[in-house]
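K.L.:
Taken from TrEMBL, the feature transmembrane segment covers B:9-30, B:99-122, B:134-161, B:173-189, B:227-253, B:273-299. Feature annotation from TrEMBL assigns domain 'ABC transmembrane type-1' to B:95-296.
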Amino acid sequence: MTVLKALLKRKTVAIALLYILIVVAAAIFAPWLAPYDPAKQFFEGLTLEGAPLPPNADYWLGTDLLGRDLLSRVIYGAQTSLIIGVVSNGIAVVIGTLVGVTAGFVRGWLGSVLMRLTDLMMAFPALLLAIALAAILQPSLWIVAMVIAMVNWVQIARVIYSETISISSKDFVAVERTIGVSAPRILFSHLLPHLLPTILVWATLGISTTVLLEATLSFLGVGVQPPKPSWGNIIFESQTYFTSAVWLVLFPGIAIIALSLSFNLVGDALRDELDPTLKGRS
Amino acid sequence: MVWYIAKRVVYSLLILLGVTFVTYLLLYMIPADPARQIAGRSATAEVVANIRHQLGLDLPFYEQYVRYLGNLLQGDLGRSYVQRSEVSTLLASRVGPTLQLMVAGIGFELLIGITLGIVAALKRNSVLDQVLMAFSFIGVSSPHFIAAMLALYFFAVYLGWFPLGGYGGVEHLLLPAITLGVLGSGWYSRMVRSSMIDVLHQDFIRTARAKGLGRARVLLRHVLPNAIVPVIPMIGIDIGIFMSGLVVVESVFGWPGLGQLAWQAIQQVDIPIIVGVTMLSAVAIVLGNLVADLAVLFVDPRIDVTKT
C-alpha cells in the first residue's frame, strides 16, 4: 500500500496507471463500450471510391479499408494485447524465475546447463527467433503467446540468477545453513521473499516488451491473425494504404506506444521504490 | 589475459555451435516435406524416396545434424524451395545494404544517446533532464514499425524532405538510419547519464577540480573517457535488439537488406530463409559481443579479468 501511495505521488506514474486501467476496462467491457461490431463492414464506412473514411461524427476514429469502425476495433484490440501481455509474460516470468533460482541456488550441473542455455538464447535476436517459431507453428492467439514466452524468459532468468547469487552469498543465508535449516525452507521462507520485489519489477517491465513483440509479430503477419483485431494487425492490414489514411496507423500506434510506455514507467518507478540500494542515487 | 581471451573465444565458438543446433531444430520442425516440394506434385513415391535419400532426409536425427554442420562449414545454408535458390546466395546479395544501415543506425544511436546522456547528467534533475529522459523512455517503448511508418508519413509524404523509401544515395539512408538511431538511443542515454553521474561523484574528479582545471578540461579529459567505457559492452548487447528493429525498419522503408528478405520470406512462409537470417544475426551478435568484451579490456586497463 505504501508503495502504491508512493507511486501515485509521481504524476507521470499516476497517469500511466490510469491509462493501464482504461485499457483494462476497455478490454473487459469491450462489448458495451464499442459503438459498433468490430467485424461489421459498413457500406457507409467507405467513400464512393471505396476509400476508408477519416475520423468523423459517426466513426470517431474513422474506418478501415473494409469499412469497419476503427474505434471498435481498437477497443477490442485491447483484449488481445492484454491477454498476450498477461498470459505470455506470466509464463515467461515463471520460467525465468524457475531457471534463475535453479541456476543460482541449486547450482550443480543442472544450474550450469540452464545458464548456458540462457547464454545461447541471448545469441538470437528475440524478434527473429519468434518469427521463425511462429512461422513454423502457424500462429493463433495461444501459439503467439507461447512463442513470445519462449523468447522473453531469458532476460528475467538472468536478472533473477544474479539476484539469487547475491542473496545466497549474504551472511544470514550462511547462518541458516550452519544451524541446519533445510534448503527448501531457506528457499521458500528467505530467498523467495527477497526475490519478490525484483520479480515484480521485471514482470511489470516484461509486459511492455511482450506487448511490443505481439504488435510487431502481428504487424509482420505472423502474430494474431485477422479478423480478430489486435493493435498490430490493424496496422498490418492497412500498411499498403497508410500514406493516404494515416489514422489507421496513428490511433492503434498511439494505443500501443502508450501502453508499453505506461508499463515501462510503472516498472521503473517500482524499481526505484522497491530497491533500497538505488535510493537517492539519481 | 591471454588465457581469458582464449577462454572467451572458445566459449563464443561453443555458443555458435549451439546456434547451429537451434537453427537445425527449427528447420527440422518445418511441417512440409522438402523432398516432396522438390519432386513436385506428380512425382511417384519412388522418386520422392530417391530425393529424400540424396538429401539425407532418411538418416537419423543426429546424423542429419552432422551433415547439416558439414554443409554449413562449406557455406551451404540450405535451399529456399519457394524461390528455388540457395539461401546463401540470397543472403549474400543482402548483406551489403544491411551493413550500411547498421553502421549508420548504430552511429546515430551513439551520437544521439551519448549527447543526450551527457547533457542530462550535467543538468541533472532540471526540466531539461526530465524532458530528455522522457524522450528516451518513449523511444525504447515505441515499436519500430509504428515509428518507421509515422516517420515515413511525416518526413517523406507530408514534408517531402526524403524519398518514399527505397535504396540509393544518402537521402535514402538517412531516414531509416535516424529512425533506428532515435529509438535505440534511449538505452545509451540512460546508461551514459547514470555512469556520468557516478564518475562526477568520484574523488579524482574533485581532485582535478581542486587543482584548478577548467570545467571543459575536467569534462573532456577526466569525466568522459571514464563515463563512456560501459557504452562499449552495451554496443555488443545492443546488436541483438538492433537486429530486431532492422527487420521491421527495412521492410517499412523498402531497404533491400536482410530484414526485407526475411519479411518477404515471412509473407511466403519461406522458412529456410527466415532461419538463415536468424542464424546470420546470431553470428553477428556472438561476434559483436566478443569484440566488445575484448575491446573493453584494451580501453580500460583497470578491468581485472582474473576475477571473472
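Note: Cβ is positioned from N, Cα and C throughout, glycine not excepted.
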K.L.:
Please indicate, using numbers and ranges, the residues of the same chain that are 6 or more beyond the transmembrane segment (B:173-189) and have a C-beta under 8 Å from a C-beta there.
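P.N.:
Contacts with the transmembrane segment (B:173-189): 100-101, 104-117, 120, 132-133, 135-140, 142, 144, 147-148, 151-152, 155-156, 162, 165, 231, 234, 238, 241-242, 245-246, 249-250, 252-253, 255.
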K.L.:
At an 8 Å Cβ cut-off, counting only pairs 6 or more apart in sequence, do the transmembrane segment (B:227-253) and the transmembrane segment (B:99-122) clear the bar of 3 or more pairs?
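P.N.:
Since 3 or more Cβ pairs under 8 Å link them, the transmembrane segment (B:227-253) and the transmembrane segment (B:99-122) do come into contact.
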K.L.:
Which of B:9-30, B:134-161, B:273-299 shares the most C-beta pairs under 8 angstroms with the transmembrane segment (B:99-122)?
P.N.:
B:134-161
